[in-house]
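Visitor: The structure is given below, and queries will be raised subsequently.
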There are 4 protein chains.
Amino acid sequence: MAGNSIGQFFRVTTFGESHGIALGCIVDGVPPGIPLTEADLQHDLDRRRPGTSRYTTQRREPDQVRILSGVFEGVTTGTSIGLIIENTDQRSQDYSAIKDVFRPGHADYTYEQKYGVRDYRGGGRSSARETAMRVAAGAIAKKYLQMTHGVQVRGYLSQMGDVTCELKDWNIVEQNPFFCPDADKIDALDELMRALKKEGDSIGAKVSVVAESVPAGLGEPVFDRLDADLAHALMSINAVKGVEIGDGFSVVTKRGSENRDEITPQGFQSNHAGGVLGGISSGQAIVAHLALKPTSSITVPGRTINRQGEATEMITRGRHDPCVGIRAVPIAEAMMAIVLMDHLLRQRAQCADVVSQVPRW
Amino acid sequence: MAGNSIGQFFRVTTFGESHGIALGCIVDGVPPGIPLTEADLQHDLDRRRPGTSRYTTQRREPDQVRILSGVFEGVTTGTSIGLIIENTDQRSQDYSAIKDVFRPGHADYTYEQKYGVRDYRGGGRSSARETAMRVAAGAIAKKYLQMTHGVQVRGYLSQMGDVTCELKDWNIVEQNPFFCPDADKIDALDELMRALKKEGDSIGAKVSVVAESVPAGLGEPVFDRLDADLAHALMSINAVKGVEIGDGFSVVTKRGSENRDEITPQGFQSNHAGGVLGGISSGQAIVAHLALKPTSSITVPGRTINRQGEATEMITRGRHDPCVGIRAVPIAEAMMAIVLMDHLLRQRAQCADVVSQVPRW
Amino acid sequence: MAGNSIGQFFRVTTFGESHGIALGCIVDGVPPGIPLTEADLQHDLDRRRPGTSRYTTQRREPDQVRILSGVFEGVTTGTSIGLIIENTDQRSQDYSAIKDVFRPGHADYTYEQKYGVRDYRGGGRSSARETAMRVAAGAIAKKYLQMTHGVQVRGYLSQMGDVTCELKDWNIVEQNPFFCPDADKIDALDELMRALKKEGDSIGAKVSVVAESVPAGLGEPVFDRLDADLAHALMSINAVKGVEIGDGFSVVTKRGSENRDEITPQGFQSNHAGGVLGGISSGQAIVAHLALKPTSSITVPGRTINRQGEATEMITRGRHDPCVGIRAVPIAEAMMAIVLMDHLLRQRAQCADVVSQVPRW
Amino acid sequence: MAGNSIGQFFRVTTFGESHGIALGCIVDGVPPGIPLTEADLQHDLDRRRPGTSRYTTQRREPDQVRILSGVFEGVTTGTSIGLIIENTDQRSQDYSAIKDVFRPGHADYTYEQKYGVRDYRGGGRSSARETAMRVAAGAIAKKYLQMTHGVQVRGYLSQMGDVTCELKDWNIVEQNPFFCPDADKIDALDELMRALKKEGDSIGAKVSVVAESVPAGLGEPVFDRLDADLAHALMSINAVKGVEIGDGFSVVTKRGSENRDEITPQGFQSNHAGGVLGGISSGQAIVAHLALKPTSSITVPGRTINRQGEATEMITRGRHDPCVGIRAVPIAEAMMAIVLMDHLLRQRAQCADVVSQVPRW
């Protein structure tokens, strides 16, 4: 209700502010008997972690996650899993510059309007720091999906500014600081980042996520369609302004005869739909794209007002990425995994008896 | 859980198949004391209704909605509102052509995979006929938002194929069969539709929805952001493959210095964000766009398989729109209204005490 | 949220007022492939129906339920099931006696306080007429539980006033108008009813419900325990003031050494717990008891006030049972079945992999 | 879904096992601007704490709660509140006696059946230690209710074995280790406890909770009635086997003419209903009673089986209360406060506009 939870059956509830004592979450609905260690979660947390390269926030924190409950003798017990990450790098700062001013393009103004109070330290609850817990929870979902159904959820940077990156090689994605899947574009990305750093400006990005080996039948008509729930989950990531499933907005100019995915005894002949038909997974790869706006935390001065409504100017100094889209890759993977896991359990509740006679490939 | 509900506090649950006895829904959470008649709902139902023009499905049904409960002496009582529309045009047809065949681009295959059974008559539950109830429920939300806060939720066709339609005049929208806001584009749309009819093909579309006078403060961090819930609601509409808030995917190539909306004592200086910051409404207009795929119900033959996995070919005859995007306009308005209404009530629950000192415009 | 739904996965949402056009509900989460006809629901509706004997309300309505969706070719399709019962006996009455007066012991006063308006005709939404839909929805759950697991949910009248009825013979329960399981008590009940009719007064009752063959493992720690959810469901029945699981309030004076149910290789040696341990079903019979207050719809005059706060006196004439507890038997069965069905699906989602090594009997 | 949450709008989700690293919870939906410190929570935690007197568990832990988020500069911010209590007294014990044996009357057997695995240390998740987080969360609700509406939620021990304790004086409740409201019964309770200690046996108890100054209008028809939600919340407390609202089971033998609460211009003339009519609060005191079974953790040997299904005998040694009902008093208060808080917010969402003309006292 107050919005800090996602998922119906596999349900993640988070807490924590950017510069508070700790971040944490409760992961409810994890089936029993799944081997789980902190190392399983740490891998993705490290991929998302600030300070990983010279292109991302210089906040230096180990982001060490601890499992506080729900795991006994190395396996999940079916009860709620408590996770915590302590904030170790909350430097006692001078916040007078932002305390009474609404940073343009940030949530300062809307939080104040909504609540009448706000934790102004580093954006408080509105900071993307919160996504660390999503990544931790998502890692549990990823592991379960992989173990039980061989599902693989992977993301990559598909565009930054005008530099587009095609999915040429999954192996390259983890070998460069941009999660770029095209070796030929890494220099261009590097150059763009340098230029932005110099200008004190930032740039938008497009991220793509793909889940392979997803069983057919996941997703609930009418409202909780798999694609609708993915749109919800992905749009809930900080800075996201658009979500596409499969061919997305390019369908606007397409004819039905070219857009429909024909079926043969050998399987679907294309995947314009992105793996979802009528809101239900078809067994093809689930494909989603998201657009992330350029961060407003830049040193180019911008006009704004203070809490008294007076005009002022704002420069955001400090540890900030010129492209927040990069670090969104593991976050988007986590969100897709959470949605798939939730729908896998829901499907199991409802249709466990179904022994389909339908051909599968 | 099984997906037939949307909204947390203002909650809509629907039932009904394309060629079943009736469609219906229960609208829960409507505050008491609101004047409400069937005529309030009928207006938008008529806008969505098939058979309205020569460009939309020739199914001829009055789509007459009845209020079965929750309204007494002309006003809502605060209890659940039951709505029903009887299916009067369920011609007893010959379904042998589609009974055992999976229409490509339709939900036939995935429903069969999920449930093991399916109502094949006109797509059964997966048919867009179900959206009639969304429009009826949305009309309640629209009325409440308008009455209590002067909120106006309106949509238009912003693109069909290569024909783009700019928002030139809201008045024109209701005066042409395409919900097109640009008088100069109506001929081009008309021409495109004729051509498609002749070819037996279909085309995609882009629809835009705008809500004005929305109070600041709606939307819940972290997961139930207003934009995330809008993405969910809009992506749940049949055929939608992409959702954008504000500038959407165009932010990918934007710099932070151009994308952030600066603030002055006179208000925001632009609305790239589409009225949402940090997932919370800013008081600016809420702007969303959606991409709708071209319908797969066309007479151009397409390859597919039957339930036995054998290759076959499919032609969809009968009453079908060459552009399903047109009728999505009132549906998209309904979905946005449902989400806004839900968040208005949620905000009221949580923050009724907030007396903000923040400047508002 | 607004309270007209019960269940998480097997979810029932109802609408309708005592003297409105129709009662209805949507049953969501029914697995596909279950044979279902209107006759399956009608049996329990007839057991609950008013006018069945000279001891219950003389309202004469067939209470004929119609299935509007979710069933195709005789089996459930997995989509939402719409049910409706039209109110045929809404005699156009003179309501001036109750329109502005709060009947003592009724919800008139609290509805008015909550909503500011109320449908005063026959109690509107607060009338027990609403329970007809519970019985219809519960019949689906009963059928599913019976078909898939052989679960049998049955209730009986265990006490009326000072007349206690022991569970001597299940067969007798359906053969007398009181759902009394003890043939020797039927005359005493009959006599008590006659006396009450003469006095124009009413009496309280105790109802018991038993579910046999319930699989072990249903119920979720910590809050959604099976017994907690049963308490919720049973307490939500009109006029219920107390709920017990197993030995209930008699445990207050018991020692641990007598109350615990010992276990031997042949099974549990007693069932003081009522089939629930730590909120989870043990495989023993689930046993619950409920206390129903005497209805306040009596002809003995009672003091009250009108909407203007002035003192007045109230007599409730018309069609009323001297003991509403009798008709609560099928309602209580329905509520227990709904809860068990919901938890069965939830357990399946979460623990489908569990292959227990634990001894079962 | 997996059961570790309670409440819809004011929502509490807990984690933690008896002998795990820590207990914790997330409290979501707390309105912003409420002064809150750890001391506000500690008071009730200390009342519930084991080792408080010679009659309760000798587990010696400070149960020191920490607020990890959601509070900034001394007031709530409207975002989720993370709470944690570290388990400091997890003595590394020898669990071989209970590891493979199902303690009769405990959840060992059912957890094993449900999950296939279980944390056997001190009962794991099924231990009443989990209720510490309920008390912490409930303290937030209590404070809010008190601050904003002057609501006071208080409980007492109303019976232990055959010793009944009438509510003679609220002041005495906090001045004796039994939460007994009748000074004359303290010796009898003391004597009973001594006897039980000697015998190694335990006894059941009845606890009562009363909320005063609750506004009229809380509770949602039809399923989420205030009394139904109270029944759920109270029955979810470990060892509870029965719940009554107002006169509870004594209504079974009552006539309508004596049980209904008459109304005069001066207010209700009695409170048999316990403050709830038609599931909605009437403005009178909310009164509930609960029955707690005698704990099965006793030294009187009991028959049971091990995981291999072989017969064995069980004695529970260690730190155990002869009457777990005593410590249930602050837990029951917490649960009632959580339910009232939740319904207060829900009512505000739905009916904020209601300006009732109805007389209130």
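Here the Cβ of each residue, glycine as well, is placed from N, Cα and C on the backbone.
Just so you know, TrEMBL annotations never went through curation; they're auto-generated.
From TrEMBL, here are the annotated features:
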- C:R48, C:R54: NADP(+) binding site (BINDING)
- C:R125, C:S126, C:S127, C:N238, C:A239, C:G278, C:K293, C:P294, C:T295, C:S296, C:S297, C:R319: FMN binding site (BINDING)
- C:40-49: compositional bias 'Basic and acidic residues' (COMPBIAS)
- C:38-58: region 'Disordered' (REGION)
Visitor: Any same-chain residues 6+ apart from C:T295 (FMN binding site) with CB under 8 Å of its CB? Would you list them in sequence order, or say none?
Guide: C:G105, C:S202, C:A239, C:H320, C:D321, C:P322, C:C323, C:V324
Visitor: So which of the binding-site residues C:R48, C:R125, C:A239, C:K293 end up next to chain B, with Cβ to Cβ under 8 Å?
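Guide: Sorted by position along the sequence, the hits are C:R125.
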Visitor: Under 8 Å Cβ-Cβ to anything in chain D: which of these binding-site residues pass, C:R48, C:R125, C:S127, C:T295?
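Guide: Among the binding-site residues C:R48, C:R125, C:S127, C:T295, the ones whose Cβ sits under 8 Å from a Cβ of chain D are C:R125, C:T295.
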Visitor: Just checking, which of C:R48, C:R125 (binding-site residues) has the fewest C-beta atoms within 10 Å of its C-beta?
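Guide: If we count Cβ atoms within 10 Å for the binding-site residues C:R48, C:R125, the smallest count is at C:R48.
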Visitor: Of the binding-site residues listed here (C:R125, C:S127, C:K293, C:S297), which is spatially closest to C:R48 (NADP(+) binding site) when Cα positions are compared?
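Guide: Among C:R125, C:S127, C:K293, C:S297, C:S127.
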Visitor: Restricting to the same chain and to sequence separations of six or more, state which residues have a Cβ under 8 Å from that of C:K293 (FMN binding site).
Guide: C:G105, C:G204, C:A239, C:V240, C:K241
Visitor: To see if you understand the setup: which same-chain residues, six or more apart in sequence, place their Cβ under 8 Å from that of C:S127 (FMN binding site)?
Guide: C:E17, C:S18, C:N238
